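Notes to accompany the following structure.
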Amino acid sequence: MVKAVAVLRGDSNIKGTVTFEQADENSPTTISWNITGHDANAERGIHVHQFGDNTNGCTSAGPHFNPFGKTHGAPTDDERHVGDLGNFKTDAQGNAVGFVEDKLIKLIGAESVLGRTIVVHAGTDDLGRGGNEESKKTGNAGPRPACGVIGISA
């Protein structure tokens, strides 16, 4: 079992943790989040980005992690970036607790997300269905108010 965690910080009140667990290279990865301080009653995009670089805030994280050269999509789509995790839903206080299992996110192997950045976006991910070029790259999920580098945990 490999475990990893990212502590979310940024230029906003959004804080939280995102944890990753994978039993072995062929198993799906469970991604869990506990996020506070976001917009109330909203759906917000969450993605793994290419770089573990936050020297210039969350913009330094680069584009979505996309080792197979695909276009942006929903987590359930065959055509998607590895880093495409879709949206999470916040409650009336702007908090979100949840989890998802994903078959493309890996902690083990050549396409590992370790050392990369998880980004929480200010807008809703349109899952690549927005009808424009930006939708096929980012899901039109908007600015990056919080992020954290994914690192090995106990």
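Counting starts with 1 at the first residue shown.
Including glycine, each Cβ sits where the backbone N, Cα and C put it.
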Quick one: which of His49, His64 does Swiss-Prot put in the Zn(2+) site with His72, His81, Asp84?
His64
I need the neighbours of the Cu cation site defined by His47, His49, His64, His121. Which other residues of that chain put their C-beta within 8 angstroms of the C-beta centroid, in sequence order?
Gly45, Ile46, Val48, Ala61, Pro63, Phe65, Gly83, Asp84, Ile118, Val119, Thr138, Ala141, Arg144
